[in-house]
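J.: Look at TrEMBL and you will find Asp53, Asp92, Glu124 tagged as Mg(2+) binding site. Annotation comment: TrEMBL describes Asp53, Ser54, Asp92, Lys122 as 3-methyl-2-oxobutanoate binding site. Under the heading active site, proton acceptor, TrEMBL lists Glu191.
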Amino acid sequence: MSEYLSTSKKKVTAPAFFKMKQAGEKIAMLTAYDYTTASIIDAAGVDCILIGDSASNVMAGNENTIPISVEQMIYHARAVARAASHALILCDMPFGSYQVSREEGVRNAIKIMKESGVDALKLEGGIEIIETVKAIIDAGIPVCGHLGLTPQSVHKFGGYGLRAKEEAEAEKLIADAEALDKAGCFAIVLEKIPAVLAAKITENVNCATIGIGAGNGTDGQVLVYSDMLGMNRGFRPKFLRQYADLYTVMTDAVGCYINDVKTVSFPNESESY
Ligand code: KIV
């Protein structure tokens with residue numbers, strides 16, 4: 001058995017994130033959107049599986065995360081929750097489900113929790129959504145924040161570039177992280193910001209920080225599973241480490257299958273009844 005495989009099957013909880021931070025144990029998070037993939041990722045021993053709204057891109061082929069609905073997120077989240085026995089299951093609240101009002105945010109948060117069986121929810125934004133974050137936590141739901149590059153605001157930013165390069169945005173990000181921490185978030189995802197800033201925020205807050213394109217000074221890392229497994233040829237940002245080339249593995253396997261069918265070498269006698 002490879003050494004990274006989990007020996008302990010104890011369920012990871014939101015409070016465990018604080019303990020891992022205090023103990024200096026880095027937190028490994030990956031996305032998943034379906035039962036089969038989540039089963040594999042959970043068996044490998046990852047600490048947290050995120051049903052990201054990146055399902056909009058990865059599963060549905062949309063250009064961004066804007067179109068995915070609460071119902072579609074629940075569909076993916078339910079499949080992942082069924083698969084995972086070890087990892088904390090964290091689900092994104094999709095665009096439009098918490099920005100209108102605090103009441104609507106809490107109602108949608110409760111709906112996702114009741115209908116999907118996930119353990120916690122993630123919302124993008126800082127001080128501007130802090131009352132909603134507090135109300136969701138008050139309802140008994142663990143919340144993970146998400147700052148820096150927040151893809152639901154892609155049209156406001158005008159793209160997916162590095163955030164908080166300038167002093168003013170960095171200061172705002174520090175204030176947002178402190179507000180989320182004070183509100184009781186168990187973690188904050190920091191996406192595509194300078195490594196020095198992410199490390200500073202990590203020192204400033206009690207909750208765990210999880211980086212993506214934010215250097216190694218955070219308390220953990222998250223990647224989109226299909227990117228780190230090399231399932232898509234086009235997406236190669238600097239922050240991405242590709243651990244496999246499944247695009248090649250899968251196209252080669254499918255090519256072999258097509259050839260076997262065409263040449264009538266599949267199925268053979270032992271594969272027939
Ligand atoms: O939706 C997502 O996959 C995410 C991660 C990139 C953090 O939010």
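Think of each number as a place in line: the chain as shown, counted from 1.
Each residue, glycine too, has its Cβ placed from N, Cα and C.
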J.: Helix, strand or coil for Glu124 (Mg(2+) binding site)? Use DSSP.
T.: coil
J.: In angstrom units, rounded to an integer, how far apart are the Cα atoms of Glu124 (Mg(2+) binding site) and Glu191 (active site, proton acceptor)?
T.: 11
J.: Using Cα coordinates, what distance in whole Å links Asp92 (Mg(2+) binding site) and Lys122 (3-methyl-2-oxobutanoate binding site)?
T.: 5
J.: Identify which of the following binding-site residues, namely Asp53, Ser54, Glu124, place a Cβ less than 6 Å away from any atom of ligand 1, and list them by sequence position.
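T.: Checked binding-site residues vs ligand 1; flagged Asp53, Ser54.
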J.: Measuring Cα to Cα, how many Å separate Ser54 (3-methyl-2-oxobutanoate binding site) from Glu191 (active site, proton acceptor)?
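T.: If we compare the Cα positions of Ser54 (3-methyl-2-oxobutanoate binding site) and Glu191 (active site, proton acceptor), the gap is 13 Å.
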J.: What are the other residues, in sequence order, whose C-beta lies within 8 angstroms of the center of the C-beta atoms of Asp53, Ser54, Asp92, Lys122 at the 3-methyl-2-oxobutanoate site?
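T.: For the 3-methyl-2-oxobutanoate site the neighbour list reads Thr31, Leu50, Ile51, Gly52, Ala55, Thr65, Met73, Cys91, Met93, Pro94, His146.
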